Amino acid sequence: MPPEAEPTRPVDLSALTAKGRQPASRAGLSGLRRPNALAKTSATGSAALKKPTTGSLTAPTADARASGTGPTAGVKRKVVDSEASPAPNRVLRPRTSSSGTPASVAIKRLTAKARGVAPVKPPALVGTRPAPRTTALAKAATNRPVATAVSAMKRPRPGVTTKPLVASRTIGRPAVSRSAPSSVAAPTSNGSATTASSDPTLVCVMPKKKKRAAWDTKGRLEDMEEYVGFMSQQLKNNDHNMSGLRGELQSSQDKIRELEQFRENLRSKVQVKEQENTQISHQLAELQSALDAETRNHEQLMALARSRHAQEMAELNAQYANLKREAKELGDDLRRTEQTLSLKNDENAQLRATISQQSASFLTLESSCQALKQKLAATETTLSEREVYIADLETQLRDANRLTATLEAKIREEETVRRKLHNTIQELKGNIRVFCRIRPVLPSDLGDPGTSLPSAHATDDLTHHINYLDNQPPGQRHELELIQTTDSASGGKATTKQHPFSFDRIFPPASSQGAVFEEISQLVQSALDGYPVCIFAYGQTGSGKTHTMEGPDHPSEATMGMIPRAVRQIYEAAEALRDKGWTYVMEGQFLEIYNESLNDLLAESSTLPNAGSTTTTAARKHEIKHLPTGKTVVTDLTTVVLDAPHKVHHLLKRAAQNRAVAATQCNERSSRSHSVFTLRLNGRNALTDETSEGVLNLIDLAGSERLAQSGSTGDRLRETQAINKSLSCLGDVIYAIANRDSHVPYRNSKLTFLLQNSLGGNSKTLMFVNVSPLASNLQETLCSLRFATKVNSCQIGTARRVVK
């Protein structure tokens, strides 16, 4: 214990409990200077000790108790079983410390007595009203709120049995006994704490002492030290209880955190289950839609089976009627044979009568009769053999008819399968395809129109800027490269730039018309099967578009264009399908778009405008209409029924005479308008009552040209501006489709409005990009190939077959 304490600083015991680490002896001595404060502190501490607690009570160590120098020297404990009858309280007198009372404290007390100040007396512990335990603990726990301390006091620790607090008085002093947990730490001989296995009751008793005289300063000081030691022990017990409560609070907070974490885990699991439930709901909806689709498909198959069954029943009934008629005819033959036999028998009877009457000629008549009998037998045998042979022939005929009907039905089914597979192949190739065709070098390109075709060496010199990247045969190439050489402005080394391009098919200059048509023949077959098909040629003026689509003015078998070849293929295919029950009606229309106006090329020539004139005589106004069924029609167009291939040649010749053409610096016979040839194919199958409506649009676009190169003025200038505007609008539509814009400007020109269904996904579309092989036209060739690349990157919908 320190020798001195600050005489002017009173310390409250509740504050000592809160601060928890100040030496009890120092706090007790400082409290001796203020008796009132010490009495208040003692009352508060006594009241706190009377409340039940779940903390463990730890006694002082054996070393401190043996030395007698600790704050709890002289204080004895008595452990009494709470369930047994309590033994009489054992009162122990405090032992005097070996060191004695400090001299400074005794001198100060004598000085106070000499001055007339009343000596410090021990606080009156008997009869004081204890304060509530929760209040004392709340004051002690300065670092946490009162509610937390109270709740901690009220909640027992797990595994600890709470005993009621036992209060007693011993020799006029307050005695505090509390229930302790089942294990109480007790000091051992070596100073360590041991744990009792029973549930004892710790009774701390202040022995009642005889009041000392006022002059016995040393005795009174020993009493106060004993009292301070007792209170220090109580504070230690309270600190121990508070540490236990803090541990319980920490454990409870850990459990709360675990529960909150468990709640978060449960919440995440619930979210995962909800997501799984949503996915299962989506899968269930998809399965339901698939089931509905299968049900509809099954119903369609059942309807088709019923129709086939009805057809087979009709055929069987017809065969049964034929057999019945044949049986009736055989019966009639049998009756006639029987009549003949009866007549023969009558004749035989007459002969026998004659023989009997003419005995003279008996032998002759008998021989004649024998001969007649043999002849009759042979006749009957021959008749029976012929009847068997006829029956065998009739059986073979029925089998042949049945086999013929089966094969015809199978052929019709295979035709349907062929159309489906053909359409599947075309869709796999893409509903919009681009073919590139390079025009061969012409004599006019060499500067002498009268010369023959240029040699291969001259052609290579003019087309050295075009390279083919793939090592495929000429008809199967897909990639090419343009080499652009630019001279340096400073006179330095020229720069070379490569421009690679890739298309569905590339036709070199040596490709024939037949090789080109072989690639588009499958699309022509799709038109015959009932699909809308559009084939158009794009490129600069003089690149060979009209030659590709229509051919030369006087075509031969090898130089015919795509239009006559397509019509001839359609006629040949229609004749082949006639045996399968299909009949086709073909109608043709031919129009041109000249200066953003529609002209009928099959009308009378007096109603058509010529290139260079701006007026027409009684010209009819034509309008483009898109029907809800996906069909595009142009009003008041002349329609020609094409029931023979030669009519197509007359139609093309008539249209060529009416089409607007003029000479420019780029092309001596330049098309000044866009021509559109429409072939409508209306087919009907008399055996299955199936109909189809196919449309084949073959379009020859006017060539794009630069005003600086063409030198157009006047009417040619207006025509060039109209052509370039419509081609620019076509480019805008293609870029809008490629970029998947919400608005596609089809109405910006008559050309794009006419091609709306062909470019908007309701048609199988093929584009020829015709380019010039000359290096002088490299810039125009680059523009055409870039536009074709953009068209090739477009993704349009699937074409629908028009079937009724």
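Cβ from N, Cα, C; glycine included.
Those TrEMBL annotations? Automatic predictions, nothing curated.
Keep in mind it's a predicted model, so treat the numbers as computed, not measured.
As annotated in TrEMBL, region 'Disordered' covers the listed stretch 172-199 rather than the other ranges in 172-199, 396-423, 536-563, 704-731. Note on TrEMBL: of 54-95, 390-431, 432-473, 600-641, the range annotated with the feature coiled coil is 390-431. If you take every residue in the coiled coil (390-431) and average the pLDDT, you get 81.
Per-site Cβ counts within 10 Å over the binding-site residues G539, G542, G544 peak at G539. Its Cβ placed at the centre, Q540 (ATP binding site) has 23 other Cβ atoms within 10 Å. Every protein chain considered, the tally of other Cβ atoms within 10 Å of the Cβ of T546 (ATP binding site) stands at 25.
Under the DSSP three-state reduction, G542 (ATP binding site) is assigned to coil, being neither helix nor strand. Comparing the binding-site residues T541, S543 on other C-beta atoms within 10 angstroms of each C-beta gives the minimum for T541. Other C-beta atoms found within 10 angstroms of the C-beta of K545 (ATP binding site) number 26, with every protein chain shown included.
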